[in-house]
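*Asks:* Supplied in structure tokens, the structure appears directly below.
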Amino acid sequence: MTTATVTGKSDEPVVATKNYLTEEGVTLRSWLLTKDHKRIAILYTLSITFFFFVGGLAATLIRLNLVTPAGIFTPDIYNRLFTLHGIVMVWFFLIPSIPNTMGNFLIPLMIGAKDLAFPRLNLLSWYLYVGAGFLALFAILIGGVDTGWTFYTPFSSLYSNGYVVLALAAVFAVGFSSILTGLNFIVTTHRMRAPGMTWYRLPVFVWSNYATSVIMVLATPVLAITLMLVAVERLLRVGIFDPALGGDPLLFQHLFWFYSHPAVYIMILPGFGVISEIVPCFARKPLFGYKFVVWSSITIAIVGFFVWAHHMFVAGISLYAGLVFSLLSYVIAVPSAIKVFNWTATLHKGWISFDAPMLYALGFIGLFTIGGLTGLFVANLAFDVHVTDTYFVVAHFHYIMVGGMVSAYFGGLHYWWPKVTGRLYPEWWARIAALLIFFGFNLTFFPQFILGYLGMERRYYSYPPEFQVWNIFSSAGASVLAIGYALPFFYLGWSLFRGKRAGSNPWAATGLEWQTSSPPPAHNFDKTPTVTRPPYQYRPEPEPQDV
Amino acid sequence: MGSMQLLPPTASAHAADMDWLFAALVGTSAFILLLVFGLMILFCVRYRKSSKVERGDRLGRTWRVETAWTVATFVAFLGLYFWGADLYVGIHSPPKDATDIYVVGKQWMWKIEHPGGQREIDTLHVPVGKPVRLVLTSQDVIHDFAIPAFRVRQDALPGRYETLWFTPTKVGEYRLFCAELCGTWHARMGGSVVVMEPSDFQRWLDSQDPGPSLAQEGEALFRSYGCSGCHGTASTVHAPKLEGLFSRPVPLQDGRTVVADDRYIRDSILKPKSEIAAGYPPVMPSFAGQIGEDDLLKLVAYIKSLADRTAENSQTGRKAGSAERPTQ
């Protein structure tokens, strides 16, 4: 399976003489040709961190531009900035964020396997990601794209003068990296569970990634086809989407959102998984309503395929289509609400401690609840007619994607940091960063709800002066947020060299990943574990068994 | 400029209804938010690790709790859904007496044509208290005609007509935006909607270069493009007559029946083979690529102006669009 040659003794796993970081060698070559899921997860983490800062830089420039009503950049530069921000953040950060880093690292550990089912595909998926990433950067550097990440036709296919085809190719390629990862996770979850690891003993994190993988495998090909059709129309002038050539511009939107709405769930479901791990651990209590949480993920994955046209209530769809898609969008809000109630109920009568992962998790619940509730606003037909394409929508999906998903990502990063690196992060710095992110986030994005209801449109490099006050609040919040996001980069980096040794289970957590040493050996477990109990059998423990 | 505006101006009947819906959504959300945040904070304080509070007798039978909150959430959501759907149906049902104003979006301006032939760019003048229906299309990419003070917006698509209606209730000048990314000057593609007292509006109309009305221009085009050769009242060709056609049902060759609205007229000119009126040979040539959006609007306006006329001169002695008898 892995290229690791197992020479170590099968002693009780102690701190890290024999671990995946060193076992296969420490050369660059040993990393670039690795088939170890944990090393590939590290490669992914480094690459998505890079793209997170690229996308973040664009966001910073966007907020800078919007400080004054007249704008600072030229419209062409501004249009390229938000397109860059959208494409990089959606496809090169959010979609791979939790699945390809934590999912890659943890799924085999959580189910008691030695690796993913297809280690070579896993490595290929990373190379596709990196290749696509370079292609996207290349498109940006030689002149950029101004279509927005949504590539609406016929603007993208016949009118835009940016490097659209290059950007399409990058997204097309990165889609295959998603498909390979999804396929790998599905097969792994079905085939590689340890003895006794029944479906209902799987951690919710595995279930969530499983649901995510199903969406990746089913939806991403539609995106690939759609983008290819845009490229065909653009290069060969075959009429597909442009009515001047006999095409239908709404066809593009239907196809695009058939992928891109489920993609929203690709981005958030793994976050649900992370939170469902963290909350029981720090509340010292089993997850409330495990089966409901699991099945609401599956329900979301399925119903998520039938709500796409709620992005199109003013786009020219029929009245009846509007009525049906709005109803289905309300239906999908129910399982999301169920999760929030279950996490909250998990806190009831627990023994709660507030380490940084828990702060991020609580922040996630708060921000996701606001994002979810404003989803009820935009799913509402008449309301959406007023706010679609305004900052209300921008604020809504940033609450889900950034407030929710990025908080979950950071929560998970801190929670599993000791497992991945074998070192503890500095707790106080981490708590400060968690609080800065929470407050900075609200200051950045809450004013945008008000701006949206007032009528400030998206993708405007300049705006009427009466909107300035709220924009200044938003930009001020963005600078707090930027500090919050930069901090972990430094203290986590510091902890790699100076952090305290973590021991195998610093949180006294119950998952299988905590049964092996930190960092784990290349083959994960010295002996394949046998599972006899459901997950989250937490009891109050006065002190975690630490080193 | 430095003011902290919280709500946009409310200047149409629909906008007032929408603000109530907004209040209901905010109310429902605030309730759920307070519930969730309240419980979270309560639990976090009461059940913090160092607290010695009694923790026995935990919630069992989770499925009962789960079912209860699932049903409660769903019922509350359904109420909001129906409210929004009801208003949405309303903004898709323009009253019969609405004045039609034609709007063509192009990179990066809005061209507006009043039925009397008055034209304006990036500004729309309308009378207070009268329903107005906009017929929107685009000459290039997708645009979106957005008027926050009326709480309505609609994409303007190339190659088809979309409509948007409102009844302004307050005199004033309101912002008009393009809400769909359309290229470099997207942010500058907009202007204002000026709501005037009817008398002022009439004065404004009169002060504009009167020129021929849209329908009159359309009539001239009807002849110059050669339409009248077949569809004119004096024509002997067996072609559908257009008098009294508009907004009536038309039986099609394939058995369907469609209403002869703006879209039908437009499609019949550009894609005559797609919906053939029952009983007529499909001989009309397509005018796709030959007639620009402006001229199309005028032709539609002309055909619309024939709606109240009956085809008395017509040799076939038939009322266009209904009771057709295939007699070939």
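Glycine too: its Cβ is placed from the backbone N, Cα and C atoms.
Quick paste of what TrEMBL says about this protein:
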- A:25-532: domain 'Cytochrome oxidase subunit I profile' (DOMAIN)
- A:513-547: region 'Disordered' (REGION)
- A:41-62: transmembrane segment (TRANSMEM)
- A:82-111: transmembrane segment (TRANSMEM)
- A:123-143: transmembrane segment (TRANSMEM)
- A:163-187: transmembrane segment (TRANSMEM)
- A:207-231: transmembrane segment (TRANSMEM)
- A:251-275: transmembrane segment (TRANSMEM)
- A:287-311: transmembrane segment (TRANSMEM)
- A:317-338: transmembrane segment (TRANSMEM)
- A:359-383: transmembrane segment (TRANSMEM)
- A:395-416: transmembrane segment (TRANSMEM)
- A:428-450: transmembrane segment (TRANSMEM)
- A:470-492: transmembrane segment (TRANSMEM)
*Asks:* Please report, as numbers and ranges, the same-chain residues at least 6 past the borders of the transmembrane segment (A:317-338) whose CB is under 8 Å from any CB of it.
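*Replies:* Answer is 250, 289, 292-293, 295-297, 299-300, 303-304, 306-310, 372, 375-376, 379-381, 384.
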*Asks:* Across the domain 'Cytochrome oxidase subunit I profile' (A:25-532), what is the average pLDDT of the model, as a whole number?
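*Replies:* Here the predicted model's pLDDT, averaged over the domain 'Cytochrome oxidase subunit I profile' (A:25-532), is 94.
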*Asks:* Counting CB pairs under 8 Å, which listed stretch among A:41-62, A:123-143, A:207-231, A:251-275, A:359-383 touches the transmembrane segment (A:395-416) the most?
*Replies:* A:359-383
*Asks:* Reported in the order helix, strand, coil, what are the DSSP residue counts of the region 'Disordered' (A:513-547)?
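*Replies:* Residue counts for the region 'Disordered' (A:513-547) by secondary structure: 2 helix, 0 strand, 33 coil.
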